[in-house]
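Pulled from Swiss-Prot, these are the features on record:
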- E68, D83, L85: Mg(2+) binding site (BINDING)
- E68, L85, D86, G87, T88, R182, D211: substrate binding site (BINDING)
Amino acid sequence: MQKPAVNIMVKAARSAGNVLLRHINKLETLHVIQKSRMDYASDVDEMAEKVIVKELKRAYPDYGILGEEGGLQGNHRIMWVIDPLDGTSNYLRGFPHYCVSIALVENGEPTDAVIFDPLRNELFTASRGAGAVLNERKIRVANRKDLNGTMLNTGFSPRERSRAHAQLKCVDALLMQAEDIRRSGSAALDLAYVACGRADAYFEAGIKVWDVAAGMLLVREAGGYVCDFKGADAPRMDDKGPESCQLIAGNIKVAHALQQVIVSSGYGREFDPKR
């Protein structure tokens, strides 16, 4: 049985997903703002976030909210971390790969997570200590023992483009062992796919915390491991934590092997969490 908070999160995520689907054939009418290079927001992002916030605030008025569009509001100790549309660039181009991501964070750690893909009607949920689920089916990370034959997911953060040479060096080294490396444009779905075994691992520097808060818990509850590029614990999700981070996620053996290649390539060495 799901926790009451997760039920509310699911309701909010499905409502936001409906907003995304209602506007998918009206993309040319949307007002789009370019916040920075390769970082966009649209009317749909704002509408979806408002739907989520309304639903969550109705049930839990005292919890804080950290949203991609609205920033940090209220209580830092217990808060919702929201990305109403992870994969905005995909959505705006009609590329069918994006999702809604919601996490409940207590004292800097995600305790509950929901990622909803409205196009495929795939609902990923997790609660700390209770495992991870895709559409009512328990999921687990893949059980590979090393990088050989792995399918890896990554992203190219617009905040790290000046150091792209290091990431490309890392990709070059990984392709000597991995089967393939994918760049889908939705970090939350990348992590959800790691959690259910569709991908073996995910790595990226410069990713925003609201993109990965829910996905981190999904991977952990699916038996996986999450760390930064130095092998340390993933960042706290509160007012003391960074806005962006480095992240590796997968089963523990693949994550450790991936981390060694990342370190040797120099990728992320000059990463600034304030960027």
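From the backbone N, Cα and C atoms, a Cβ is placed for every residue, glycine too.
In this structure, T88 (substrate binding site) is part of a helix by DSSP. For the binding-site residues D83, D86, D211, the largest tally of other C-beta atoms within 10 A is found at D83. Secondary structure at R182 (substrate binding site), taken from DSSP and collapsed to helix, strand or coil, is strand.
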